[in-house]
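Novice: This is the structure I want to talk about, given as structure tokens.
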Amino acid sequence: MQFSSRRKKFTTNSQAELYGEPLQFYGQPPLENISLTEFETFAVERLKLLKTIENLGVSYVKMSESYTKKLGTESKALNFLYRPEADDRKPQNGPTEQEKRRKDHISHFILRLAYCQTEDLRRWFIQQEVDLFRYRFNDLHPKQKLEFLHRNNLQYDRITVEEKKALNDKLVNSSYALSGITVVEQDVYKVPFQDALDLVRTRKVYLKAGYVYIPHQDIVTIVINDFRTRLSKALALTARSLPAVHSDERLQPLLNHLSHAYVGQDYSIQKNVGKISLEQIDSLSGKSFPLCMRQIHQSLRENHHLRHGGRMQYGLFLKGIGLSLEQALQFWRSEFIKGKVDADKFDKAYAYSVRHMFGKEGKRTDYTPYSCMKVILSNAPSQGDHHGCPFRHSDPELLKQKLQVYKVSPSGISQILELVKGMHYQLACQKYFEQTHNVEDASFSLNHPNQYFIESQKALGGGKEIKRETEAPQKPQEIPTGGPSAAPEAAANTQDEAEMTEDLDSFFQDA
């Protein structure tokens with residue numbers, strides 16, 4: 001994306017021509033200047049749209065009536081184009097259709113920059129963009145579809161009426177959408193078979209002498225394959241230019257943030273502070289913790305210690321569900337001193353990081369619990385670690401055994417493993433929620449471990465707030481903040497923890 005004023009005099013006409021069409025292959029990057037605020041707003045709203053597409057693609061049959069209706073509603077809510085007709089009149093509320101097309105164009109290229117960085121990110125981005133493109137192409141009128149093909153040099157030959165009559169029986173037998181009457185009325189295209197491998201593989205078209213004969217309504221498969229190929233190549237080229245983009249200190253934090261971005265509720269605001277007692281944590285871990293937090297808790301209870309990644313992921317989660325600073329210090333101290341860490345060593349090497357999570361040390365930033373995207377995409381666990389996402393980072397066979405131990409039904413395990421195989425990790429966790437809470441369809445899209453906990457409490461308690469068990473008053477404890485004088489390993493833990501945590505809010509303030 002260019003931010004300079006070069007070729008500015010050509011921008012107005014070319015952009016007006018580009019936004020005059022309801023659909024594009026995103027072959028031409030935007031050339032205009034935009035503010036950083038608009039840059040981030042456009043990107044976040046497109047990311048919300050792509051997340052919706054991912055969730056709908058698993059919950060509904062793609063392109064079904066329910067799927068298209070919900071996607072159209074979401075597009076409208078986020079002010080993206082949701083209908084093919086252009087209307088230059090200024091509506092009473094919201095942007096014009098031209099302005100929506102501009103937003104669509106710019107936001108696509110911003111997310112290209114954010115999602116070209118790794119193979120996993122590229123694969124996810126391509127799949128969601130392809131599904132969005134398919135929805136929009138199918139929404140075009142037949143005349144607009146033909147104009148789009150010609151405009152993008154997809155000018156496949158239409159066979160003549162005589163050819164259609166000669167091939168009538170073969171076309172009807174090979175294409176579900178055709179009958180003897182519709183063959184004559186409908187355009188049929190002669191396309192090289194290598195451009196329609198999906199249709200050939202599923203035996204949906206007539207193949208003869210290296211060409212397939214495709215009815216007009218099935219031409220979408222060809223267009224989708226072309227779009228996928230173009231986008232894949234474009235992302236590879238974009239990845240090569242990343243060093244130049246990252247040299248801009250304004251953009252690098254934004255782009256790194258977007259690829260891990262969480263766009264849901266902010267769980268840093270503790271609404272249940274003090275409503276959870278330390279005695280409740282064990283029972284809550286079995287009933288209301290997502291699998292990632294359940295396995296960390298179990299490891300902590302068994303080993304009486306967690307490495308840095310586990311402490312950060314689990315500590316912020318506990319903070320988000322309502323543990324106060326005093327409770328958190330008591331919780332971690334009581335568990336660590338059961339292992340190889342005595343109270344003095346804990347106070348010197350680990351108490352600082354707990355206080356840091358709550359914004360009482362360092363930059364005094366009130367850090368937020370990790371979102372699913374951050375758990376999945378950042379700081380993958382190594383040997384001896386217990387953090388991360390079990391659906392993303394566990395071996396499928398070990399995951400299966402763990403689900404069996406937690407009494408998930410065989411059919412539920414099969415569904416979860418199938419979602420994991422398709423790299424739908426958050427949806428696999430949502431299926432785990434449905435299995436462990438005995439509900440057929442969760443009424444939410446899971447994006448955050450703390451969201452899982454809240455929804456679990458609603459399901460188990462009929463929407464009521466958590467009730468705190470009666471407990472003896474806790475005596476506040478004075479916590480020394482020294483660290484450098486501790487044992488070398490513990491001192492290194494403290495320093496690494498402080499340095500890593502200091503960097504958190506630079507890129508993942510809402511993650």
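The backbone N, Cα and C atoms fix where each Cβ goes, glycine too.
Curation does not apply to TrEMBL; its annotations are automatic.
Copied straight from TrEMBL:
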REGION    83-102  region 'Disordered'
COMPBIAS  84-101  compositional bias 'Basic and acidic residues'
DOMAIN    283-453  domain 'DNA primase large subunit C-terminal'
BINDING   CYS292, CYS372, CYS389, CYS429  [4Fe-4S] cluster binding site
REGION    459-511  region 'Disordered'
COMPBIAS  496-505  compositional bias 'Acidic residues'
Novice: For the domain 'DNA primase large subunit C-terminal' (283-453), report the average pLDDT of the model, please.
Specialist: 92
Novice: Other than CYS292, CYS372, CYS389, CYS429, which residues of the chain come within 8 Å of the [4Fe-4S] cluster site, judged by Cβ distance to the Cβ centroid of those residues?
Specialist: PRO290, LEU291, VAL375, ILE376, PRO390, PHE391, ARG392, TYR425, GLN426, PRO449
Novice: Measure from the Cβ of CYS389 ([4Fe-4S] cluster binding site) and count the other Cβ atoms within 10 Å, all protein chains considered.
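Specialist: Result for CYS389 ([4Fe-4S] cluster binding site): 26 neighbouring Cβ atoms inside 10 Å.
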